[in-house]
C-alpha cells in the first residue's frame, strides 16, 4: 500500500481527485491528514498523492502547509510557556476565584452580633494568681459562676524563675497576674464582689483550698484594650532593647578606640625613651661606662643649659671690692 493509501485511504484519494472542493474544505482535510500522520509519517509525503492536481493547487497547498506549520509551532511554544509559568491566565483566575470563594464572608448581621457581644462582655483583673494554677484550672473553677470567654495569665519573668529554681523551687510554671473575660458584665461584676478576699474553697485535699482570691472588676474595659496594652508594652520593650544595644555598640567602639590610642601613645613614649638614652650615652660615654647597673642614669631626658655672663655698660665692682665693703659695714655695726 502506498503512502497516500496509508494516510487517506484509496477511496478518499479517488473522491478527492474527482470532486471540486472549496478552499476551506481542502484546508480542513489537509489538517486532519497531517494531524493523523504527524507522529508516524512525515508531512512531505502527503504531496505525492496529489500528483494529478495542477501546479496552482500544489502551490496553494504548500502555502497552507507552511501556515499550518507556523501555527503549530506557535501553539507548542505557548503551551510550553504556560507549563513553565505554572498555568495560563484562565487557570490563575480560577485559582483566585476559588480562594476568594473559600474565604468566609461575614454578613452585617454577624458583625452587629459580635459588636453587641463585645459591648455586653466584662473583664475581671486578678492581681495575684495562686501558685502553679494553670489557665485551664482557673477557667474550670470560675466557669461555675458564668460563661467565660477568654483567659490570659502573665507568666513570671525569666529572672524570677531562675532565682526560684536556684533556691530549690518547683519547675512548674507560675503566673503573676491575669485577666478573665465574662460574656456578661453583670456576671463579672457580681463574681468580683462575691469572691474578692474570700477563700477558693473546694475539697480540703485540693492544692488551692486555702488560697484567697484577689480580683477586681474593670468597668468600661474590654478585651481589645488589653491586647492594645500588651502590644504597646512589647513595642516599648523592643525599643528599649534597641536603644540598649545601640548604646552598648557605641561604648564598645569607644573602648576599642581608647585601646588603640593607648597603644599608640605607649609606642611613642617607648621610642622617645630609647632616643633619650641614646643621646645620653653619646654625650657622656666615659661616665656611662664606669657606672654600675644600679647607678646608671635614668631614661628620663637630661638637659644642660650654659649660663652666660651679664653684659652691661656700667663698671660692675669685683668680688674683692664687694667683700671689703661688707667688712666695713660690719665693723661700724659692731
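A Cβ is built for glycine as well, from the same backbone N, Cα and C atoms used for every other residue.
Quick look at what Swiss-Prot annotates:
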- 1-25: region 'Disordered' (REGION)
- 10-25: compositional bias 'Acidic residues' (COMPBIAS)
- 22: phosphoserine (MOD_RES)
- 51: phosphoserine (MOD_RES)
- 52-98: region 'Disordered' (REGION)
- 53: phosphoserine (MOD_RES)
- 54: phosphoserine (MOD_RES)
- 61-84: compositional bias 'Basic and acidic residues' (COMPBIAS)
- 85: phosphoserine (MOD_RES)
- 88: phosphoserine (MOD_RES)
- 122-212: domain 'RRM' (DOMAIN)
- 275-299: region 'Disordered' (REGION)
- 286-297: compositional bias 'Basic and acidic residues' (COMPBIAS)
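In the domain 'RRM' (122-212), the DSSP tally of helix, strand and coil residues is 28 helix, 23 strand, 40 coil. Mean pLDDT, taken over the domain 'RRM' (122-212), works out to 89 on the 0 to 100 scale.
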